[in-house]
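**Q** Questions regarding the structure given below will be posed in turn.
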Amino acid sequence: MAKKKEFRQAEVNIGMVGHVDHGKTTLTKALTGIWTDTHSEELRRGITIKIGFADAEIRKCPSCGRYSTSPICPYCGHETEFERRVSFIDAPGHEALMTTMLAGASLMDGAVLVIAANEGVMPQTREHLMALQIVGNKNIVIALNKIELVDREKVIERYQEIKEFVKGTVAENAPIIPISALHGANVDVLLAAIEEFIPTPEHDPNKPPKMLVLRSFDVNKPGTKPEKLVGGVIGGSIVQGKLKVGDEIEIRPGVPYEEHGRIKYEPITTEIVSLQAGGRFVEEAYPGGLVGVGTKLDPYLTKGDLMAGNVVGKPGQLPPVWDELRLEVHLLERVVGTEEELKVEPIKRREVLLLNVGTARTMGLVTGLGKDEIELKLQIPICAEVGDRVAISRQVGSRWRLIGYGFIRE
């Protein structure tokens, strides 16, 4: 008799990153069967996520030793064995969506950098690799995709080109796997590389829970009767600890309110009434994958992503909220993502910079300059730990461009 299939939550988040149209979404579909531009943008009941999430089980065939995401080996027909469940995060590759990609990068435990064989290394390839470097992500596999569009000599040429491109970066020793996502060619080799080079991070379930919020929603349909209304839903990824149905939670920095003509933020507490992970309702949720948290909050507070960038945890156990920051700054030599090579000029006093911290983004006005240090006044406060990494972007022309990173100091 067949055993009842036990549901497992994803245990690792793997980013699909790279230049627009290099095949990230097609590759995610080849690995998971889910087209993330529509399906995973819906966490059931119409919850939309701008960054696509899709879960898959990585399985290994005990007979031929090849990897797949199918219960039956597509290569020899034997039953496969479960290795682990992973969540693929499909990040936008368009230059205008770089800050969205950075929010997703903060949740990635590893990444597949997708480079199309017909185009090679492009501006957003560089930008996404630098984003991974800035958020401190070292577990990288490179997929040289669309090999069906070029001849063998071109594939070898691209391979050498990529080797040169990653020298001196976090991806210097990353394996480069030639694949065709469209035809499923070499996908088993890519999965084997993911298993070898992107380990599941160790999480202590007894640490205070912390979840970074990516989206938030009002799931009530227009015209719902008052007695049928359900509370606001928060979507994000747990980075430590665990959350349970019935837990009291605090959300920081919380909700904005006006006082003496100034906008201030107030933390809010509520109760978890439901949890979704991998599209299923669960009693407990752990780090890995996207988690939907149903709350008792007024849905007015959560509609249209109003809660994005917040941090969720147990009352009194969350990091501090900052409306001013002191950063130890590391500037890049060149601006990342532009067609032409531009030198990164020093940061100036009174300059406005865009800061990404976890899933939060805020503008910061530079109020003080020191040696390798800056002080900023923030437009929107952030909840973060001392020592947290901050991605720093500057407006270059009409776009925000990565120019460096910093660490929060006391």
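Cβ coordinates are placed from backbone N, Cα and C, and glycine is handled just like the others.
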**Q** Of 18-25, 202-209, 218-225, which range does Swiss-Prot call region 'G1'?
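**A** Swiss-Prot lists region 'G1' for residues 18-25.
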**Q** Which of these ranges is annotated region 'G4' in Swiss-Prot: 5-8, 145-148, 293-296?
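**A** Going through 5-8, 145-148, 293-296 one by one, Swiss-Prot flags 145-148 as region 'G4'.
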**Q** Identify the region 'G2' range according to Swiss-Prot, selecting from 46-50, 256-260, 371-375.
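**A** The range carrying the region 'G2' annotation in Swiss-Prot is 46-50.
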**Q** Express the distance between the Cα positions of Ile147 (GTP binding site) and Cys64 (Zn(2+) binding site) as a whole number of Å.
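**A** On Cα coordinates alone, these residues lie 25 Å apart.
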**Q** List the residues of the same chain that sit at least 6 positions away from Asn145 (GTP binding site) in sequence and have their Cβ under 8 Å from its Cβ, in sequence order, or write 'none'.
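**A** Same-chain residues close to Asn145 (GTP binding site) (Cβ under 8 Å, separated by 6 or more) are His22, Gly23, Thr26, Leu27, Val114, Ile115, Ala116, Ala117, Ile179, Ser180, Ala181.
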**Q** Fill in the CA-CA distance, Cys73 (Zn(2+) binding site) to Asp21 (GTP binding site), as an integer in Å.
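**A** Cys73 (Zn(2+) binding site) to Asp21 (GTP binding site), Cα-Cα distance: 30 Å.
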**Q** Find the longest CA to CA distance in the recorded GTP-binding set Asp21, His22, Gly23, Lys24, Thr25, Thr26, Asn145, Lys146, Ile147, Glu148, Ser180, Ala181, Leu182; express it in Å as a whole number.
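**A** Greatest Cα separation within the listed binding residues comes to 17 Å.
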**Q** Taking the recorded Zn(2+) site as Cys61, Cys64, Cys73, Cys76, identify the other residues of that chain whose CB atom sits within 8 Å of the mean position of the site's CB atoms, giving them in sequence order.
**A** Pro62, Ser63, Gly65, Arg66, Pro74, Tyr75, Gly77, His78, Thr80
**Q** If you run the three-state DSSP split on Cys64 (Zn(2+) binding site), which class comes out?
**A** coil
